[in-house]
């Protein structure tokens, strides 16, 4: 049996069977997500489900591959972001403290030489980023960590979108014989999917920041590991397109808040999933639609690795154009009510 299949299976089984135990622990420790104006659930739900995702991923990695310097750095950095998430789920950290924790987790990767040293320009040439390597890596990791964190607004949404993105990177890695990346993304997909069985609507548990930040962090970090092996193709293009839905939702949120004169970090109810619910879709329908969009973006990401640079640029421009048209149509760019005023 292929090692990546073992990693996927172990991660899925561990996350699936451990999640009910986490539910009991969350209830005992008071790690409950209470309803508020911005959220769509109506009763307190246990959170910290990310512990099951973390356990599934780590055990799958330990069971299926040799832990070298690089993998050790990945696991240590993942543990740092997990701890930040746990504290936030229990104590509600300020945005500033949470950001510092995310930067610390990104710094662990850099200490273990997991960083972006080269990027590919649109004309296909490799550019050595030199002293920009450290800030670029931190920006990449912190950016993706928060992107997945921000989309965690409906039952099963972040887990499902992360699974689709992981499978996309897995397929590209298999196509290009990057076995380390393939095993890591298989483990991440398995752990997210195992948890999703308990998180899909109606959710029995939420992943909390413990899970959403861990998933975003791992997708970013694994992509950087892929960059060393693949001339930065996996590092930038594939995950950006595969995670196009949360990335564009975050970008539109920043544009929307800036244009309406509101602080860009102030939460509101203008995200895509909020707009879909306002249009009359149920939670389940909205999430399934967003899975379909993510799946289409995943296929586009895979296609980008097979076409020439010119066609690749056209595909990316088409995706951006469709995204802006859809955002205007649905109202994602319109000023939204703040969480407090709703």
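Glycine is no exception: its Cβ is also placed from the backbone N, Cα and C atoms.
Positions annotated as transmembrane segment by TrEMBL: 6-27 (among others). Outside the transmembrane segment (6-27), and at least 6 residues removed from its termini, the chain residues within Cβ reach (under 8 Å) are 46-49, 51-53, 55-57, 59-61, 63-65, 183-184, 186-195, 197-198, 204-205.
What TrEMBL records for 48-65 (among others) is transmembrane segment.
According to TrEMBL, the feature transmembrane segment maps to 71-87 (among others). Non-local neighbours of the transmembrane segment (71-87) in the same chain are 48, 50-51, 54, 57-58, 61, 65, 93, 98, 101-102, 104-106, 108-109, 111-114, 145, 180, 184, 208-214, 217-218, 221-222, 225; each lies 6+ residues outside the stretch with a CB under 8 Å from one of its CB atoms.
Per TrEMBL, transmembrane segment is recorded for 99-120 (among others).
As annotated by TrEMBL, transmembrane segment applies to 126-144 (among others). Sequence-distant contacts of the transmembrane segment (126-144), counting only residues of its own chain at least 6 positions beyond either end whose CB sits under 8 Å from a CB of the stretch, comprise 99, 102-103, 105-107, 109-110, 114-120, 216-217, 219-221, 223-224, 231-232, 239, 243.
TrEMBL lists 149, 209 with the feature Mg(2+) binding site. Here the Cβ of residue 209 (Mg(2+) binding site) has 26 other Cβ atoms within 10 Å, regardless of which shown protein chain they belong to.
The transmembrane segment annotation in TrEMBL covers 156-173 (among others).
Annotated transmembrane segment per TrEMBL: 179-196 (among others), in sequence order.
Away from its own ends, the transmembrane segment (208-228) comes close to residues 31, 33, 47-51, 53-54, 57, 70, 74, 77-78, 81-82, 84-86, 88-89, 98, 102, 105, 109, 114-118, 137, 140-141, 143-149, 151-152, 158-159, 162, 165-166, 169, 173, 178, 180-181, 184-185, 188, 192, 195, 234-236, 238-239, 243 of its chain (Cβ-Cβ under 8 Å, at least six residues beyond either end). What TrEMBL records for 208-228 (among others) is transmembrane segment.
The transmembrane segment feature in TrEMBL is assigned to 234-255 (among others).
Panel annotation: around the transmembrane segment (286-304), residues 154-157, 160-161, 164-165, 167-168, 171-172, 175, 200-201, 237-239, 241-245, 272-273, 276-277, 312, 315-316, 319 of the same chain, lying at least six beyond its termini, place a Cβ under 8 Å from a Cβ of the stretch. If you look up TrEMBL, you'll see 286-304 (among others) marked as transmembrane segment.
The feature transmembrane segment is assigned by TrEMBL to 310-327 (among others).
For the transmembrane segment (234-255), same-chain residues at least 6 beyond its ends with a Cβ under 8 Å from one of its own Cβ atoms are 116, 119-120, 144, 146-148, 150-151, 158, 161, 164-165, 168-169, 172-173, 176, 178, 181, 219-220, 223-224, 226-227, 264, 268, 270-272, 290, 293-294, 297-298, 300-302, 304-305, 312, 316, 319, 323, 327, 332-333.
Spatially close to residue 149 (Mg(2+) binding site) yet at least six residues away along the chain are 158, 209, 212, 213, 216, judged by Cβ distances under 8 angstroms. When Cβ-Cβ distances below 8 Å are used as the criterion, the transmembrane segment (156-173) is approached by residues 4, 53, 148-149, 179, 181-182, 185-186, 188-189, 192-193, 195-196, 199-201, 203, 207, 211-212, 215-216, 219, 222-223, 226, 234, 238-239, 242-243, 245-246, 273, 287, 290-291, 294-295, 298, 301-302, 305 of the same chain, each at least six residues removed from its ends.
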